[in-house]
Amino acid sequence: MAKAKFERVKPHVNVGTIGHVDHGKTTLTAAITNVLAKVYGGVAKDFASIDNAPEERERGITISTSHVEYDTPTRHYAHVDCPGHADYVKNMITGAAQMDGAILVVAATDGPMPQTREHILLSRQVGVPYIIVFMNKCDMVDDEELLELVEMEVRELLSEYDFPGDDLPLIQGSALKALEGEKEWEDKIVELANALDSYIPEPQRDIDKPFIMPIEDVFSIQGRGTVVTGRVEAGIIRINDEIEIVGIRDTTKSICTGVEMFRKLLDEGRAGENIGALLRGTKREDVERGQVLAKPGSIKPHTTFESEVYVLSKDEGGRHTPFFKGYRPQFYFRTTDVTGDVQLPEGVEMVMPGDNVKMTVTLIAPIAMDEGLRFAIREGGRTVGAGVVANIVA
């Protein structure tokens, strides 16, 4: 069956849900697609199809990142439902990096919880520029003062991480009641959609920069070849463009013979879009998550760099003890972890949780990087620090 061609008319904005486990992120995602389909047209998605994580379905915990799309009169939104469960922070890091804005879901019945803080911190570190708050389960709280108190707490928490807590939109609603079709709660979803439209500016795309796309997944398609998927970070990729595959292994070249998005064919993939790129003559085993596709010559793989790092405090879920020179954690760049050796500055013997520190890192495998690239520092899947590449050494 031939694929329908994707028409690009409205501005395309990437958003997603973040917040504590069981506060209603997936229910809200379902409610948005259902209510907006009703009001503006589009395809409704039910809870079960968004919560598509077979490994963990039994316990009702979402693991994988789900992509849905919906429209308002002026925009097309691609929405990722990020996992809330602490074991899957890895997906949060790849998911949150794909947002022009995030919807922070906080249950009015609970208020901010540990993962609420963790996700706000991660949003700050991975560069999510805007956050809108959806206070969920408000139908279960009768006390007006309690709602005000939770709102105040959430706003203060956001301000603590340098988001404009006092000024950002906060909608009080109930995702479940909206999903069940109750008009007053459906209106709150429309209000949320209006806030997305007005508060998140039309993204300034990095479309004029050289093409680069971090690889998230690799598939082999019978008769067509190898497809790599990811979000285009900058530039444009067109059919028949030559590209380089950079990082982890020796740099190789390939030709892009096809671009698709949401199962529709495109002539090109642009910055900010989640696409699949078909690569000519590249074998499935020659490419892996953690590499990037890039315009030839535009980015080089490096192993050694100076960085500015913030080490999470114990309260933020970080380490409970200091670390010393010779520390060897994992450095999470874009979509993958690479082990690295840490050198501390002259005169610094140890680094305490909660400290800011300059460190020089030597990775065991090269990563495509430029100055300004963000990364997380992790130990056994747990985020213990966040940093930015300040200076490339080698």
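Including glycine, each Cβ sits where the backbone N, Cα and C put it.
Checking Swiss-Prot for region 'G3' across the ranges 5-8, 81-84, 113-116 points to 81-84. Taking Swiss-Prot as the reference, the stretch among 136-139, 228-231, 296-299 described by the feature region 'G4' is residues 136-139.
Swiss-Prot assigns the feature region 'G1' to one of the listed ranges (19-26, 51-58, 203-210), namely 19-26.
Residues 60-64 are the range that Swiss-Prot records as region 'G2', among 60-64, 160-164, 320-324, 340-344. Other C-beta atoms found within 10 angstroms of the C-beta of THR26 (Mg(2+) binding site) number 25, with every protein chain shown included. Same-chain neighbours of the region 'G4' (136-139): 23-24, 27-28, 105-109, 147, 172-177, 185, counting only residues six or more beyond its ends whose CB sits under 8 Å from a CB of the stretch. DSSP gives ASP22 (GTP binding site) a coil state; it is part of no helix or strand.
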